[in-house]
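Q: Here it is, the structure, as C-alpha cells.
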Amino acid sequence: MKNVHKLTEGAVLLAAFAVLLLMSLYLPIIGTIVTFGLPVPFMLFAAKNKRSDAAIFFVAAILISFIVGTITAIPLTLIFGLTGLVIGELIKLKKERTAMLLGGSLAFLAMFLLVFAGMNVLLNINFVEELKVVLEQSMDMTKNMLSTIDNNEAEQIIEQLEATITALETLLPSLLVLSSAMYVFIIQLIGVPIVRRFGIEVKKWRSFADISFPKSILWYYLLTILAQFVMRPEEGSFTTMAIMNLLFVLQLIMVIQGLAFIFFYSRLKNWPKIVPIAILIFTFLMPIFLYIVRILGIIDIGFDLRKRLDNRDA
C-alpha cells in the first residue's frame, strides 16, 4: 500500500513537473518566471522519500523532459532537478535555511558547469566565447554611435566601457557563484511555502541581525589584499583572475557583515525597522556607503563588536 502511494505521488509530481517544463520552454515571459518553480516537485519528493527513490524520480524526470521538450529541455531538468533534490534532502534532514541556500547553490553551480562543459564538448558551443563576441559587437556599435560626439568625451566613454567589459570577464566566476545563490534564494522563496502547504516542516531563516562570519574570513581578506600588492600579477593572467575574484567575494562578505551589524545594533537600540532597511538601500545606491559598511564589517569581525555591546548592555 505504501509503495502504491509513493508511485502515485511520484507520478503526480512528474506530471506537474512536465507541465511546468512545457510552460518554461514555450511561454516567452511567463516561462522565465515558471522556471523558478521547476525544482519544487523535486523538493517535495526528496523531502518525503529515500535518496534511492529520489534518484529514480530524477532519472524519470530526465526521460520525461526528453519526451516533452526534446534534448533542449534536458539541461533545465539536470540543473533545476538536482538543485531541488538537494534542497529537499536538506529539508528532510531538518537543516537551516542558510544550509539549504549553500547546498542548493553548490548543486546549481556544479550542474550548470557540467552542462556547460558537456555542451562545449558535444555541440561545440562555447558560451564564454559567444559572450565575448556579443560584447565586442556591442562595443563596435557604441563606437559608431559615439563617432558624432566630441573626441575627448567619446574616448572617455569608450575607456569606461572597455574597463567594465574587462571587469565582467575577470569576475565571471564570482558572478556565476552570486547568480547561483540568487537563483536558489528565489527558488526557496517560491518553493518553501508550497512545501509547507503539504505538511512538511521547514525551518525559518535565521535573523539577518544574527549573521556573523568567522574571524578566519578577515585573515583571508587581508592575505588576498597583501597578495595583490606583493605579487603584482600581469593583467589577464590566471593569478589576476583568482585574486580579483577572491577579493570581490571577500569584500561582499564584509559588506554583509557590516549590514548585519547595523541590523543588530538597530534591534539592540529598538530603532524603527525602517532605519536599517533604509541604510541597506542607500548602501547599494551610493557607492561611498559601501566602503563605510565594509569597514564596519571588518571592525565587527576583528573586534567582536556585538559581544562587547551585548556584555555592556547586560
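Any Cβ shown, glycine's included, is placed from N, Cα and C.
Predicted, not measured: the structure shown is a model, and the values here were computed from it.
Sharing the record's features from TrEMBL:
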- 12-34: transmembrane segment (TRANSMEM)
- 54-87: transmembrane segment (TRANSMEM)
- 99-123: transmembrane segment (TRANSMEM)
- 175-195: transmembrane segment (TRANSMEM)
- 216-231: transmembrane segment (TRANSMEM)
- 243-265: transmembrane segment (TRANSMEM)
- 277-299: transmembrane segment (TRANSMEM)
Q: Restricting to the same chain and to residues at least six past its boundaries, which positions have a Cβ under 8 Å from a Cβ of the transmembrane segment (54-87)?
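A: Result: 10, 13-14, 17-18, 21-22, 24-25, 35, 38-43, 45-46, 100, 103-104, 106-108, 110-112, 114-115, 119, 183-184, 187-188, 191.
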Q: Quick test of the contact rule: Cβ under 8 Å, at least six residues beyond the ends. What residues does that give for the transmembrane segment (12-34)?
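A: For the transmembrane segment (12-34), the nonlocal Cβ contacts are 40-42, 44-45, 57, 60-61, 64-65, 68-69, 72-73, 76-77.
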